[in-house]
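Engineer: Please see the structure below; I have some questions.
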Amino acid sequence: MLVLFETPAGFALFKVLDEGKLSKVEDLWKDFSSTDSARKVVKLKAFSKFENTSEALSAATLLIDSKPSKGLRKFLKAHCDGETLAVADSKLGNAIKEKLQIDCVHNNAVMELMRGVRSQLTELISGLATQDLAPMSLGLSHSLSRYKLKFSPDKVDTMIVQAISLLDDLDKELNTYAMRVREWYGWHFPELAKIVQDNILYAKAVKLMGDRTNAAKLDFSEILPEEVEAALKEASMISMGTEVSDLDLENIKDLCTQVLSFSEYRAQLYDYLKSRMNTIAPNLTALVGELVGARLIAHGGSLMNLAKQPGSTVQILGAEKALFKALKTKHATPKYGLIYHASLIGQAAPKHKGKISRSLAAKTALAIRYDALADSQDNTMGLENRAKLEARLRALEGKELSKSAGSAKGKPKIEVYDKDRKKGGMITPAKVYNPSADSVMGHTENEEKKMSIDDQTEEAAGEESPVTEGEKKKKKKKKSAETEDGAEPEDTGKKEKKKKKKHADNEVEDVELEQSKKKKRKHADVDEDESETTEKKKEKKKKKKKAEE
């Protein structure tokens, strides 16, 4: 009987010298308590050494899946003719039996035998020291862990975090240096700042020109367009700037070279970041772009940490200060953070940015998880989701979404009922404004003077003698009737209608006056009765007092 034992250095085959001891499983550990007793039970027959770490890793991964490697199959064919083989894994034994037709054994006695061999492994295998075995096992375990986690040096996202941080720092420094060049050279040629707007072109022009008097002799066609070049040369002839020494110009040129070198390095760094993002997170890059995706990964710490976040967190990632301020002050929370700089949100109208950012954040969370955990490295998922988001954006801005009756999103619109309106148009013609109905009765100047004189006389008479309200109203009605008789009416039919209305109004007012007079009389009678009763009571009280006296 042979025993197959796997080690970090290779495969070992041990020959069982006394198979009778396997029947006593409980006492088998005593035979491996010392090296001499262990050598009486098993003896090393053959050893197959791994050539390198990759071979050891491939063999170990196949053994985990209960499959024999190519080297193991050759090793067993050479040394296991007509022998039974004791293995630690029953599935591995079945695979060996199917492919190599070698009888395999797996039971409690074999497992106890494996424990004993493992305890005395360095003594049973000559040339394998303990100090050599420990680093071998550690290295193999690390390699195996990396393989199980699908670890790849191309998937390291720390490079992205460092690259995007450096890119942001470079942008700040480049902007500071460019503004310093403009301010410094502006003392000598201030008009150039308005003619050349781009910072890099400005630095190139200053480095080539030096003193502004040299501008007329130089050719700027490689740097600037023709129109800008002509404007620059004209401005250099009439510039209001001060004179600058050659030493100052040399220092300004050195600063321009620094600006140009920074810009070149920034372009290289951006290309590097773009390639790394397409390798590590292709779907995230397809959705939000390289810079926004890299900033999301840097803010989350790593791609795996970002994959653990829900879509709502991805949406406001980068706006934590605004979020907590809104929660503290009980105001509206922010709708987007770093994701706001994505091109899809930039294309949306202001009123649709919130909806698109929410949809984009949900798709971005899925893309991040796919990039972090999936085996494939294609960007098909990101491109499909981007096409869906673009279609949704077009639907929001151009066309209305399809509304299904009774659904929560698209409820049917209830219109106000109008009896004169059909779907195609109006049943009856619309009412037209009639200006003739607004005609006003004209008053002459003499009549107006008479009205004012009468009002004054009434006021004087009211001061001398009291006049009831009913008499005043009657006088006013008479005056209005006189003015109506004096005026020339436009239509006789309208005049009759107005008279009828006025008569009806007069009757109503007369009835109201009579009712008010009756009420006043009743109140006066009640007051008289009350006064009489009070006088009678006083007389009775006086009589009682006299009778008592």
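Don't overthink the numbers, they just go from 1 along the chain as shown.
Including glycine, each Cβ sits where the backbone N, Cα and C put it.
Relevant sequence annotations retrieved from TrEMBL are reproduced here:
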- 280-398: domain 'Nop' (DOMAIN)
- 401-549: region 'Disordered' (REGION)
- 412-423: compositional bias 'Basic and acidic residues' (COMPBIAS)
- 444-453: compositional bias 'Basic and acidic residues' (COMPBIAS)
- 538-549: compositional bias 'Basic residues' (COMPBIAS)
Engineer: Going by DSSP assignments with H, G and I as helix and E and B as strand, what are the residue counts for the domain 'Nop' (280-398)?
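Structural biologist: Its residues divide into 90 helix, 0 strand, 29 coil.
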Engineer: For the domain 'Nop' (280-398), provide the mean pLDDT of the predicted model.
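Structural biologist: Result for the domain 'Nop' (280-398): average pLDDT 91.
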Engineer: Taking DSSP states H, G and I as helix and E and B as strand, how many residues of the compositional bias 'Basic residues' (538-549) are helix, strand and coil?
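Structural biologist: Residue counts for the compositional bias 'Basic residues' (538-549) by secondary structure: 11 helix, 0 strand, 1 coil.
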